[in-house]
Amino acid sequence: MKGARWRRVPWVSLSCLCLCLLPHVVPGMTTPSLKTDGGRRTATSPPPTTSQTIISTIPSTAMHTRSTAAPIPILPERGVSLFPYGADAGDLEFVRRTVDFTSPLFKPATGFPLGSSLRDSLYFTDNGQIIFPESDYQIFSYPNPLPTGFTGRDPVALVAPFWDDADFSTGRGTTFYQEYETFYGEHSLLVQQAESWIRKMTNNGGYKARWALKVTWVNAHAYPAQWTLGSNTYQAILSTDGSRSYALFLYQSGGMQWDVAQRSGNPVLMGFSSGDGYFENSPLMSQPVWERYRPDRFLNSNSGLQGLQFYRLHREERPNYRLECLQWLKSQPRWPSWGWNQVSCPCSWQQGRRDLRFQPVSIGRWGLGSRQLCSFTSWRGGVCCSYGPWGEFREGWHVQRPWQLAQELEPQSWCCRWNDKPYLCALYQQRRPHVGCATYRPPQPAWMFGDPHITTLDGVSYTFNGLGDFLLVGAQDGNSSFLLQGRTAQTGSAQATNFIAFAAQYRSSSLGPVTVQWLLEPHDAIRVLLDNQTVTFQPDHEDGGGQETFNATGVLLSRNGSEVSASFDGWATVSVIALSNILHASASLPPEYQNRTEGLLGVWNNNPEDDFRMPNGSTIPPGSPEEMLFHFGMTWQINGTGLLGKRNDQLPSNFTPVFYSQLQKNSSWAEHLISNCDGDSSCIYDTLALRNASIGLHTREVSKNYEQANATLNQYPPSINGGRVIEAYKGQTTLIQYTSNAEDANFTLRDSCTDLELFENGTLLWTPKSLEPFTLEILARSAKIGLASALQPRTVVCHCNAESQCLYNQTSRVGNSSLEVAGCKCDGGTFGRYCEGSEDACEEPCFPSVHCVPGKGCEACPPNLTGDGRHCAALGSSFLCQNQSCPVNYCYNQGHCYISQTLGCQPMCTCPPAFTDSRCFLAGNNFSPTVNLELPLRVIQLLLSEEENASMAEVNASVAYRLGTLDMRAFLRNSQVERIDSAAPASGSPIQHWMVISEFQYRPRGPVIDFLNNQLLAAVVEAFLYHVPRRSEEPRNDVVFQPISGEDVRDVTALNVSTLKAYFRCDGYKGYDLVYSPQSGFTCVSPCSRGYCDHGGQCQHLPSGPRCSCVSFSIYTAWGEHCEHLSMKLDAFFGIFFGALGGLLLLGVGTFVVLRFWGCSGARFSYFLNSAEALP
């Protein structure tokens, strides 16, 4: 049965197979000639070389026609125009007929913000760069572009409009430049035009440039100029407002003519690098090489202009204190017109507190332990003085308007504290000369206390018990006048009087009369009237000692307990205290009133003999009997209405007090009362006259307080004599000897420093070993009087390679310290900031792949190139090919055709990155997508804490530095820095809390997206665990923050991969897929690389998309769009069919023979058997 079934199968199965396959095989059957023209193999053959052939052989669809046509020419009217340049535009021409040259240095007074730094100088080269050197002696031309583009780890800070090796040595081409300074709003048409472009690009309508540089390279030829054809004309504009900086690159339409075929080294580089991690490459750097050499065809999407590139050069916006200082200096007269030279500071805090012209203020610009006193005068401005923890005078400065104290002090910070240029501080001090204490003259005090005891301005003491209103002092000079009047009343029933009211009036050339009255009230209270209006005092938070103040035009009133003081225009002062229902007063007058006073306080001329001068000019001598002194005093009684108005009580007409001599005669009864007076006559008089020991002791106490205040006013701290400027060379010890006028003066340093040593005798040793910033402040303290002085000399260190190179008159300050670094004048073939580098031909990189031998220079150029090893070019075969040109439409899909000088002047193509063949027809390579829409930002919020009382600018700079140095450089800026108010901790430490919003930039390539979405928060937490190195710029970037956790870093905006995908597109051949991977980011991937064709089909990416060329294998032919179908080949079918038939035929013949042989054998045997059986 099995044999029968097997014999039937071939016939039945082959018949069915033939019927089933035949309809499908026929449409697919092709002859060899048809296969050639069917469109599958033409894709693998080189494209034709003429346009006629292209039209007849390539597919004729519209998509194919567009994609294979020649690049659309750039319309000239869409190209950007260069700004006017040349002599007619006011430019200066600069050119050197050498292979390389560099321009003179430009030194913007404001500095130039680049990255996170403020650069001091810059220059341009013939090679299309503007370079910011580390020092004025590190000047190179760097002819060879970086092979990898800018990476953020670049050793040189530069802006590159067109960095490639140019050559002006043959006499062709030139450069023009012009510098524009508009610090003070000067008009410049070019600056205004550049401003308008920058405002449009940045959407910042408030941008105002303060410095700009225009550089134009005209007809620049590639190296070597004698061999190369075509020239370039382009322009760079640098612009800054001091805080922000931008670059405009403009390329003349049709003026960028260098041929990529003639470039043998690294291709041109455009963009910038700040030298501190901030950089940007031109969008053209991701384009084919030939497109990089045609930046005049580049379309700027923001402006719609071709030939324009725009860059933001600053990493974050930071205040420019140099500019602030310069603008302030411009607004001020060279020398102040007000009385700047007439005011000095008290030489100690103790002395200043006794001078009521000076009041304590809180300015908040010094550290802990620092205190300030200020005095203001309407007609000559004011002065503020700073004192240290021991009361030592540190510095003083002039101010003009007391109500704008903070604004007044800002210019000093701009010019002297917050920038590193000491010359700006010197210019500031011309406008605001330094205030010292050497010429300080304390005011002269006079006192009125008890039943009244008076001490005159010349120090003569007497007792006057007159009853009425009296002129205590009247004074005037050319600018002001001052009156002080007092009112007495009888002290109980005693034959004595005491003051119950005072009134003072001040007027000046700039102020009308200001009148203050002190009126005694019950319980030792004082009512104060200002111009007949009751004064309500407010707590003085700046004093912190319970003092209350009232500030009005021309007078500052302060109350501390039962004492009320008035400072009239910072000129004359009166202090009144109530004790035992008696008013006691002191008055202080400035030296300008000397020889100009009258009244009960005498004639102030340092001559006690004429103090008792009466209104008629007659004088009684000191030591006169009390009766005569009483008569003298009564001559100064005010007849009529004085400053205190009319009295409410009726005075007796014949009041005569009891005199001291009378009391002494009958004092035996009061020995026990006066025993505590220790012989003090005023105490004894009041005790005896009032029969009250308590009042007598109060009088003695007030008297001693006045005497002590006067002694403090006239007591000076020890002086410090010695060098105000100390200059030292690195590693060498400098000795300076300081002395003092006080024998017991002890010298110390305020802050210790490893490089400094100060002995108690004033010997200072300085051995500078590093440039770590410090502030040298020398203190001299007298143990006897408890007063101290301070001196802060300038400290200038030279770190130059040789001492002869030091320029001590050209310095820069290190941070906010007293340390200044001297400039260096490099000689003997040295260079660098400190002339630390020796001239070496290897300092500038050689041509790519050329080794540099230290001390000798670059080795020979590679084979087939000629030059000096730094400049290399193909052998001068360009003249052999100069008459050759590319065939029309030789390269497809915007490929660039050039004549190869190394392949026998044959045309060659430079293709966009998607293409795999030599003619830019077949795609398939992966490439980076283009940004379709403006990319959103990755935004996080930081919650930070610090204990350094840092400013907002310092926090911003410190956070920006940490985030800008993450492993993945994607930080853009801090958009918000805000201090958060919170309750002080129990320890009382001054912790400040900050909220910072930080922004990062997504980029399509590399692991940036994965880092920002999945690793950023952890990386930020780690970045705040470590300290950062100190930089010299201000504001400082090394604020020490408390460690943070994941809870302190919060997401604000983050886009997932699917959302980000909408912002990118694959411009180029149809059919590319946008594929994302964590390590590579977004990539445009051809389906050909992802198994687009089945069954071994060959994939080719044509303009219309991927196409499969199906291949045959075994007995099958693959077909379909993806070669997903299989058909049996017809010849194979018939071969199998006839082979099967032949096999069957052979099988049948064989079977027949076998059976036949078997049949014949069986008949013969039967015959013999039958025969045998037939025999008898």
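Every residue gets a Cβ built from N, Cα and C, even glycine.
These features come from TrEMBL:
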DISULFID  C911-C920  disulfide bond
DOMAIN    161-316  domain 'NIDO'
DOMAIN    317-432  domain 'AMOP'
DOMAIN    444-644  domain 'VWFD'
DOMAIN    882-921  domain 'EGF-like'
DOMAIN    1085-1124  domain 'EGF-like'
REGION    31-51  region 'Disordered'
SIGNAL    1-28  signal peptide
TRANSMEM  1132-1158  transmembrane segment
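Taken as a whole, the domain 'NIDO' (161-316) shows an average pLDDT of 91 in this prediction. Neighbour count (other Cβ atoms within 10 Å of the Cβ, all protein chains): 24 for C920 (disulfide bond).
Mapped onto DSSP classes, the domain 'AMOP' (317-432) shows 46 helix, 26 strand, 44 coil. Other Cβ atoms within 10 Å of the Cβ of C911 (disulfide bond) number 24 in total over all chains.
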